[in-house]
Amino acid sequence: MMKVIWFSSLICFVIQCSGDSGPIICAGPIHSNKSADIPHLLGYSEKICQIDRLIHVSSWLRNHSQFQGYVGQRGGRSQVSYYPAENSYSRWSGLLSPCDADWLGMLVVKKAKGSDMIVPGPSYKGKVFFERPTFDGYVGWGCGSGKSRTESGELCSSDSGTSSGLLPSDRVLWIGDVACQPMTPIPEETFLELKSFSQSEFPDICKIDGIVFNQCEGESLPQPFDVAWMDVGHSHKIIMREHKTKWVQESSSKDFVCYKEGTGPCSESEEKTCKTSGSCRGDMQFCKVAGCEHGEEASEAKCRCSLVHKPGEVVVSYGGMRVRPKCYGFSRMMATLEVNQPEQRLGQCTGCHLECINGGVRLITLTSELKSATVCASHFCSSATSGKKSTEIQFHSGSLVGKTAIHVKGALVDGTEFTFEGSCMFPDGCDAVDCTFCREFLKNPQCYPAKKWLFIIIVILLGYAGLMLLTNVLKAIGIWGSWVIAPVKLMFAIIKKLMRTVSCLMRKLMDRGRQVIHEEIGENREGNQDDVRIEMARPRRVRHWMYSPVILTILAIGLAESCDEMVHADSKLVSCRQGSGNMKECVTTGRALLPAVNPGQEACLHFTAPGSPDSKCLKIKVKRINLKCKKSSSYFVPDARSRCTSVRRCRWAGDCQSGCPPHFTSNSFSDDWAGKMDRAGLGFSGCSDGCGGAACGCFNAAPSCIFWRKWVENPHGIIWKVSPCAAWVPSAVIELTMPSGEVRTFHPMSGIPTQVFKGVSVTYLGSDMEVSGLTDLCEIEELKSKKLALAPCNQAGMGVVGKVGEIQCSSEESARTIKKDGCIWNADLVGIELRVDDAVCYSKITSVEAVANYSAIPTTIGGLRFERSHDSQGKISGSPLDITAIRGSFSVNYRGLRLSLSEITATCTGEVTNVSGCYSCMTGAKVSIKLHSSKNSTAHVRCKGDETAFSVLEGVHSYTVSLSFDHAVVDEQCQLNCGGHESQVTLKGNLIFLDVPKFVDGSYMQTYHSTVPTGANIPSPTDWLNALFGNGLSRWILGVIGVLLGGLALFFMIMSLFKLGTKQVFRSRTKLA
């Protein structure tokens, strides 16, 4: 049967043969000399073309919508009819290219079992109408009894018909194309090597069509998987990701098509005669194979046979090996993917506990070894990696005093993440100083009532002894000097004498008389007397005891330095009305600027109302101060892998007509790639000349065409969110306590106000902190595992090679599929190297995984410790390893803040029971106050240098508050206002000076505010004088004089006793002698 179909400017000949099936030929119309041009979207051809075995017929039809013809293909555009009739489908494979149904004889096709689709569906019975390649074979499909295949070939409908004409859930799902050919067998060793390389390309696939591909601990449900493959005649197919193909031309009888000009295809018998008897005309290649008839007989009466412009036999290059497979294709299979077991998330650590040690803690984990841990005490933190069940973690030396809350966050080797809290009582006050005559002893003499006087006496005695030794040494040096200088003086005297003698002789020649001689003799005698006086001169004795009082007096004079401390602000913008009972209901509006305090401290905004003895406080307690990334535009980075493929076509075969087609551009796709890659993906195409001639498997000696394409893909779907940091700004974690007692935690970043809570909004104003090396850092987060890293990256829109962000996508979905309309890249990231038959690629892409592993959080960069943050303002927080100060304050805006104030004055009395801690330090001194109050109220303590406010409960209770002092000995009267009741309390106690905390390996601290005392001041001489003699200039003067005189008297007493002892010893020796 023969049909001729006209369409637009193309004419298509479709032949059905009883035996061998002929190809589809697309040629220009016979009535026109103009060649038919097909727009080069998938390929470029002219004059004579073939929709060959790997042409993706449906793709060709999709890009040539003007075509209205008959094609032996089960799918395609809706307006396409199908040929031959449906009752002949058993002979036509929609999977294989049209007119090559004889290839079915090369394959073993088994009947479908239990399902007629790749996805679950009903079981079909009846005739098979197309096949589907599976991982280990080929399966035929059909419609169930009482059903027939629809014209489109994609649905089965009931023969009796329904209202819709279709049956639900009967859609046949199939995607793919296959080319089959005679195979060159390969040994089992080569097959195993190909299999191993395939497994390395698909490490996350567990099973394919129910057959084990990789061993997995956990796997997903089966899901569609589109993949290129080749059948090499062994137990299963080899699936491939990155491979190359080349086509070699080997002519046979079915590679030629015979037709009569002006009529159409020759009949089967005529074509068979042409190919066997050589009685027809043909092109050079046909004549070489079958022979041709020569003569002037009209061309219309004879068949003309021409070589079909097809790619030839395919050779696949994969894993460094070249194979001529039985079948090569691209189709959909069902695969299960590896599913990793979810990691154990944050929880409690069974068998974990803390032990407090000097300067740190010991963390014990009984169930598993410790992998890593971060322990924070106050605003000092320390991190450690152990691998043991008992780990000692040290903080900054000398940083912790008194009762301190401990926060632990860590992970065990078995994967368990944990967090828990505890507390330690570190030595406080003078108990923290446990050495004698050491550095701490010199800074805190008040802690040594007896030892300090002993130390002073020893110092004075050593001072006097040193001065005596010094004067004696100077005296000895003077005597030694006179011995050395005497010969020099004698030499100068002799020289002087000789010069005078010469002068006298000159004068004798000029003067006459004995008078001149006598005068010269007299002058010489006077000179001799002067010389004698010079020689007899002796240095005066120096009284060494005069220097000690002078030096000690200079050392004792100094000035004390003071530091700013925590203060509170009072607001008078209050309007009140009488409430129920003895309460006033007040509403206040305003703004206040509070000094920012250090972690663990509070800043208070104190509210009072006229006529009410009561007061309320709004408190801001700082829990942490860190540096946070102020993000600029974020983008998404895929875990990209470079891919490339190439196909070599001989000259005048397929798309390679007269060389590389001019319409093949960077966005073009070869016909061989049509189903193997996403047309919307990010890539770059090209065409280059390859080898030609018989040595390269081509009929034509002209250079062949190597169509190549390089692209990137995300095989594992891993996506990284990259957030470049425009700046690193201070960020605080604060606990806001309202006057009503309600508490809310906020995470304000510098300059960004918090949400309004009960009419109150807080803005943290922290100064920028300049740290070198942080400007190019970016937060890098893997969206699935939540892995965090901090590393240099490209800014959004920039693609500098060598940094994270060479490929940037605008959304998570576009990064998963790497779409060209949602991602940008530099095509030079994937290099391509052309060879004789194919092209190979190499990657310059920076591995985000490798960078993230190297710079994983926690990490230390530029003197800062970066760790994971769990608040909304940034994923990562930075803390200085050593003391680093910033300036900051809190701007509090309150509008309509409600206060309930009592009009009854409380009866409140108390006393200070203890004063301990440190002075000129970050934590301040701890003052214990015992109060008795007749009702709940607010107490306000005001001392000379500091003040604080705290809540008081009804009854007798003890309270501990922080106050800052700048001297060691505290003895002063402070004002106590408790519920309107005024009284005085006396503070007495000794405070210690804590040295500036020193960095310990693994420790770091949160940023603190420089407006709060930091411990950077050293004790002045006045601190010593206060510790020794008490406060007051008169006490200092009398004390210093008394010490000097007492030391002098003690010194003479000791010297007298020493001389007396020496005399007694001398007398005893004399008597014995």
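Placement of Cβ uses the backbone N, Cα and C atoms for every residue, glycine included.
Predicted, not measured: the structure shown is a model, and the values here were computed from it.
The disulfide entry in Swiss-Prot for C424 points, among C349, C352, C356, to C356. The disulfide partner of C698, as annotated in Swiss-Prot and taken from the candidates C644, C650, C656, C660, is C650. Here Swiss-Prot annotates a disulfide bond for C352; of C349, C376, the partner residue is C349. In the predicted structure, the region 'Fusion loop' (691-705) carries a mean pLDDT of 86.
Same-chain residues lying 6 or more positions outside the region 'Fusion loop' (691-705) and placing a CB less than 8 Å from one of its CB atoms are 246-251, 285, 307, 312, 648-653, 655-656, 659-660, 836-837.
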